[in-house]
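One structure is given below, encoded as structure tokens.
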């Protein structure tokens with residue numbers, strides 16, 4: 001990691017599953033880590049932390065939240081499939097509000113938590129790179145496609161650079177056969193964020209967030225300039241995962257890269 005940390009970093013979604021992990025892992029990257037979520041956060045702000053409750057759907061609140069930060073790690077929003085109306089505010093309005101606030105306050109680097117669900121309708125026997133047409137598998141995936149488009153637009157129009165991480169499955173360990181291919185360890189996630197923050201000239205880069213798993217569906221050649229070299233592998237957990245009852249061959253988790261998201265809903 002660089003020896004010159006940021007003065008103030010903003011982490012949205014800090015009360016979420018990955019947000020809690022990153023709160024602990026990112027402390028050395030800035031003099032002050034500003035933490036934000038719509039949900040209460042515990043523990044209270046510690047040394048070199050600021051805790052701010054913020055609804056991403058509230059444009060004025062997001063504008064205030066972003067003031068004074070040097071870079072943004074945007075992990076806030078709904079992180080699973082829901083009705084479109086529930087995703088609209090935090091994921092679609094929210095990402096626009098974050099980028100507008102970044103523009104107004106002169107923030108030039110953002111890490112955007114995108115998702116493998118932007119391409120979830122590709123089949124598991126297909127190998128794709130970041131230039132493959134997107135095939136979202138859900139309203140959630142659709143919202144992440146929009147977020148990537150916002151990132152692209154704000155770079156082309158305003159020079160705000162973004163690394164969009166299409167996160168696979170970031171958990172302590174893979175939980176099923178699909179995750180043997182999509183698993184992203186916490187250490188490798190942090191490495192991706194580090195490379196996204198400190199690599200010069202990223203423009204808008206899309207990178208697939210997966211560890212060094214034996215079976216891979218995603219080709220990161222278009223993000224090679226980041227220098228991301230995953231250190232972990234799902235092979236450590238293969239025996240335990242394969243000991244579980246196997247899903248049917250036509251189960252969505254065995255057919256589509258996005259797994260069960262491809263058949264979630266409809267929501268009335």
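We number each residue from 1, going along the chain as drawn.
Placement of Cβ uses the backbone N, Cα and C atoms for every residue, glycine included.
For reference, Swiss-Prot has these:
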type	residues	note
ACT_SITE	140	active site, proton acceptor
BINDING	17, 18, 37, 38, 39, 55, 56, 75, 76, 77, 78, 79, 144, 170	NAD(+) binding site
BINDING	79, 115, 116, 117, 169, 178	substrate binding site
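Structure with Swiss-Prot features highlighted.
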| residue | record | contacts (Cβ under 8 Å, 6+ apart) |
| --- | --- | --- |
| 17 | NAD(+) binding site | 79 |
| 37 | NAD(+) binding site | 12, 13, 14, 15, 16, 19, 53, 54, 76 |
| 39 | NAD(+) binding site | 15, 16 |
| 115 | substrate binding site | 140, 141, 144, 166, 167 |
| 117 | substrate binding site | 136, 137, 138, 140, 141, 144, 258, 261 |
| 169 | substrate binding site | 116, 175, 178, 179, 182, 183, 184 |
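The binding-site residues under consideration are 79, 116. Their Cβ neighbour counts within 10 Å are lowest for 79. Of all Cβ atoms in the protein chains displayed, 25 besides its own lie within 10 Å of the Cβ of residue 178 (substrate binding site).
Secondary structure at residue 140 (active site, proton acceptor), as computed by DSSP, is helix. Its Cβ taken as reference, residue 76 (NAD(+) binding site) is surrounded by 29 other Cβ atoms within 10 Å in the chains shown. The residue listed as 'active site, proton acceptor' counts 25 other C-beta atoms within 10 Å of its own C-beta, drawing on all protein chains shown. Mapped onto three states, the DSSP output places residue 169 (substrate binding site) in strand.
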